[in-house]
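**Q** Below, the features straight out of TrEMBL:
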- Arg293: active site (ACT_SITE)
- Gln108, His110, Glu135, His274: Zn(2+) binding site (BINDING)
- 4-152: domain 'Phosphomannose isomerase type I catalytic' (DOMAIN)
- 168-255: domain 'Phosphomannose isomerase type I helical insertion' (DOMAIN)
- 335-374: domain 'Phosphomannose isomerase type I C-terminal' (DOMAIN)
Amino acid sequence: PPAVFPLSCPVQNYSWGKLGLASEVAKLLASSDPLVQIQPDRPYAELWMGAHPRGDAVIRDNRIPQKTLGQWISDNPACLGAKVKDTFQGHLPFLFKVLSINTALSIQAHPNKELAAKLHAQFPEHYPDANHKPEMAIALTPFEGLCGFRPVAEIVSFLQSVPELRALIGEVAAEQLERSGSDDPRGVAAALRVCFTRLMKSEKKLFVDQLNMLVKRISQEVAEGKDTSGSNGDLLLRLHSQYPGDIGCFTIYFLNLVRLEPGEAMFLGANEPHAYLHGDCVECMACSDNTVRAGLTPKFIDVLTLCEMLNYTPAPSSSKIFPAAQSQLDPNVYLYDPPVPDFAIMRIEIPSSIKLYLLSAVDSASILLVVQGAAVGTSTAAASEIPLCRGSVLFISANESVSLQLSSPDGMLLFRACCLL
């Protein structure tokens, strides 16, 4: 049976997604399947490429009896590669996605394996499995997110220039953080934890009043042509317009604003607070749905768990950009290999001068996404030629190579998710 085949992948229409053809997800979908009708007023938020039970990809090869990738892997577990199959009990260990974000996602963090097991045992309705959920996002368009705690000096500066923030945290906790600057890192983390927890647990009426005062003050300053960067004014007004009266608006004073250019990445390990704000990216994650949320969301929030679990180590936003390493074997490949076993991503840039390109075999099942360009793919493991264009998604079994005959004048951009044990 063919071991390399194209996939048709489900789309999630979450409300935060970009609308119609403004969405990269919608553009990829429309390009890969001309019969799809893109609705201009509908959000196209996520494309799921994988075998997740809530969004299992459909196999586009009528010679294959199984309908979905999940069924096919469970009938042909050797396709994962021997090491991956043994390590991850016969399951594909990652879910690959494209995200198109118009309005902010919730302030969240993902538990490590130990906490995930505990949360799942206690609250299975909110924490549906016992796995960790590290994630990596690689920008396709200019991308913005909040990630990790800012350096203490930046937080202290906000505490001094945003009285509404200081009022919520209280004088004692604010002064403790101001004094902790010279302390050992544990003292800093402890002071930061007290401040952030006091913010997140403040009384609803209290923080709504303070937020309204802050928004009113900044709006007046903007109208008077003043510089509001000392209060992070632009971002505050933007988030408040998306989630009025939400405690999450205040987290911009604690968390780094990270901006990624296309090709730049951020890795979100366990317990790292984050919220994607705007832009398009490819994302890879371990297979889990465990998310602890605490703001910028109408969903279930679990402030106590979030404040307990977070990594309170401050670091500059530049440290959140995860570097790609150019492959020693192939200069067209850039590898994003995070410090977890579950997944890695390759960015493959094929210049227009190359007309034949070999996607080399790896000892893991992989999923390939075409972002730009077109080619015809052939493989000894595929029953026939596979036409590839923008938006095409290909499943490649372990230890199979695919050769691409390029048909586009300006080269290709591909992303390939796999598991490098």
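Cβ from N, Cα, C; glycine included.
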**Q** If you count the C-beta atoms lying within 10 Å of each candidate's C-beta, which of the recorded positions His110, Arg293 ends up with the smallest number?
**A** Arg293
**Q** Sort the residues of the domain 'Phosphomannose isomerase type I catalytic' (4-152) into helix, strand and coil with DSSP and give the three counts.
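**A** Summed over the domain 'Phosphomannose isomerase type I catalytic' (4-152), the classes give 40 helix, 45 strand, 64 coil.
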**Q** Going by C-alpha positions, which of the binding-site residues (Gln108, His110, Glu135, His274) is nearest Arg293 (active site)?
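**A** The smallest Cα gap between Arg293 (active site) and any of the binding-site residues is with Gln108.
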**Q** Taking the Cβ of His274 (Zn(2+) binding site) as centre, how many other Cβ atoms lie within 10 Å?
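**A** The Cβ of His274 (Zn(2+) binding site) has 23 Cβ neighbours within 10 Å.
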**Q** Have a look around Gln108 (Zn(2+) binding site) and count the other CB atoms within 10 A of its CB, chains all included.
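**A** The answer is 25.
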**Q** Looking at Cβ-Cβ distances, which residues of the chain lie under 8 angstroms from Glu135 (Zn(2+) binding site) while being 6 or more apart from it?
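**A** Sequence-distant Cβ neighbours: His110, Phe267, Leu268, Glu283, Cys284, Met285, Ala286.
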**Q** Mean pLDDT, the domain 'Phosphomannose isomerase type I C-terminal' (335-374)?
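**A** Mean model confidence (pLDDT) across the domain 'Phosphomannose isomerase type I C-terminal' (335-374) is 97.
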